[in-house]
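The structure under discussion appears below in the form of structure tokens.
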Amino acid sequence: MGSSITNIILPLLAITTLSATPGEIGLLRAMASIAVLLASIPSGVYIDRFNKRSLMIACDFVRAAILVTVPLFAFYDQLSIYWLYAVSFLCSVFSVAFGIAYHSYYPIFVQRKDLPEANSKIETTESAARVGGPGIGTFMAGWIGAPLTLLFDVVSYIASAVLLSFTKTDESSKVKVTKRPPLLQEIGEGFKLLYANSVLARTALTTIGSMFCLAMMNVVFLYYLISDLKISPQMVGIIFFIGEGGGLLAAILASALMRSVGSAKIMWWVVFLSPAGFLLGGAQSHPLLLPTLYLCLTSVRFVLFDIAQYSYRQSSCPLESLGKVTASIRTCIGVAAASGAIFGGWLGSVASPVASIFTATVLMCVSSLPVIFSALRHTKNIEDLPALTPLDR
């Protein structure tokens, strides 16, 4: 739940305490995306070489140490938007490393046919955090202030590290050990493996494009609710709580939906939920209902698509190369999300937040085309899709 609270509290703190503009919020969001861009490839390469559990524990402790500086600086009245930029960037660097290690860790012990169900259970937990995080965060921010609310994140990271330390697994016995090539060659291998498979490449393109659009929306959505619609932080928390509940419900039902619709076919169907952003057009007359519905449909779309595409990537990639392939995708996502956040913030400043959201929605429809015109349209389950083999070195 930690990062879910951080994601809402940092921009909320910037808006309510530092009077940040949409452009500054855009840059704050972009710092996290730039971190993804810079950290993904090195993390992916080194994570495939070293013990993943130990790396995750280290990342948890470092993130806790970085985040605790925000309430300390606020207490001494030294907090600035520039320090929030630094915190966003540094926390995101170690979140990237943690995320790549995490998504490369459990496929070692889960059989290919069980990956959709495993990812569904994991996404249920993450969706619960996304549902509770913004609601708890904004409620606590209204009660004790945004800076002190971040201490909940600090505690959650420490708790994660402690729990991971009790997980005893032998990674080396499961992963095929091969002679490692030079670093630059390994970096290139991730991209080669990714684009050696048409379906994997198309799902990656849709993921990257949709993250550009989501970054555009996210950078102005909170500002729009608070500054344009004059909704209180507590009510914003309720909107996020109910809206993200759609993603939680989707995660809970994901296994049943994938068995019914197909673990591959579901990726094709959910991209048609992309126009949900147009709902905000009438938000002036329905300032609570339509933003909530927008969040709900968007959350359902991303949760179901991510569960299915994670499962396919993990089942189709060689275990010894999964970290590099994941890092390659996250690097491209970093470029897209940073660009989307900056562009969304700029458009929100020179035009309006609604214009930025409408533009992002149109572009999200376009980003769905690679998946719509892929083999997923005629394939039911990911087991029927081709798997990758390690590259010859």
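Numbers run from 1 along the shown chain.
Cβ coordinates are placed from backbone N, Cα and C, and glycine is handled just like the others.
What you are looking at is a predicted structure, and each value in this text was computed from that prediction instead of being measured.
According to TrEMBL, the protein carries these features:
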TRANSMEM  30-47  transmembrane segment
TRANSMEM  54-76  transmembrane segment
TRANSMEM  82-102  transmembrane segment
TRANSMEM  199-225  transmembrane segment
TRANSMEM  231-254  transmembrane segment
TRANSMEM  266-283  transmembrane segment
TRANSMEM  289-308  transmembrane segment
TRANSMEM  329-348  transmembrane segment
TRANSMEM  354-376  transmembrane segment
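For the transmembrane segment (329-348), the partner stretch with the highest count of Cβ pairs under 8 angstroms, out of 30-47, 54-76, 199-225, 231-254, 354-376, is 199-225. Of the two recorded stretches, the transmembrane segment (30-47) does not lie close to the transmembrane segment (231-254), with fewer than three CB pairs under 8 Å once pairs fewer than 6 apart in sequence are set aside.
Per-stretch counts of Cβ pairs under 8 Å to the transmembrane segment (289-308) identify 231-254 as the leading one among 54-76, 82-102, 199-225, 231-254, 354-376. Long-range contacts of the transmembrane segment (354-376) within the same chain: residues 198-199, 201-203, 205-206, 208-210, 212-214, 216-217, 219-221, 224, 264-265, 267-268, 271-272, 274-278, 280-281, 283, 340, 344-345, 347-348, 385, each at least 6 residues beyond the stretch ends and with a Cβ under 8 Å from a Cβ of the stretch. Residues 2, 6, 13, 17, 47, 83-84, 87, 90-91, 94-95, 97-98, 101-102, 105, 145, 147-148, 150-151, 153-154, 157-158, 160-161, 164-165 of the same chain sit 6 or more residues outside the transmembrane segment (54-76) yet have a Cβ under 8 Å from a Cβ within it. Non-local neighbours of the transmembrane segment (231-254) in the same chain are 8, 12, 16, 116, 119-120, 123-124, 126-128, 130-132, 134-139, 141-142, 222, 225, 287-288, 291-297, 299-300, 302-304, 307; each lies 6+ residues outside the stretch with a CB under 8 Å from one of its CB atoms.
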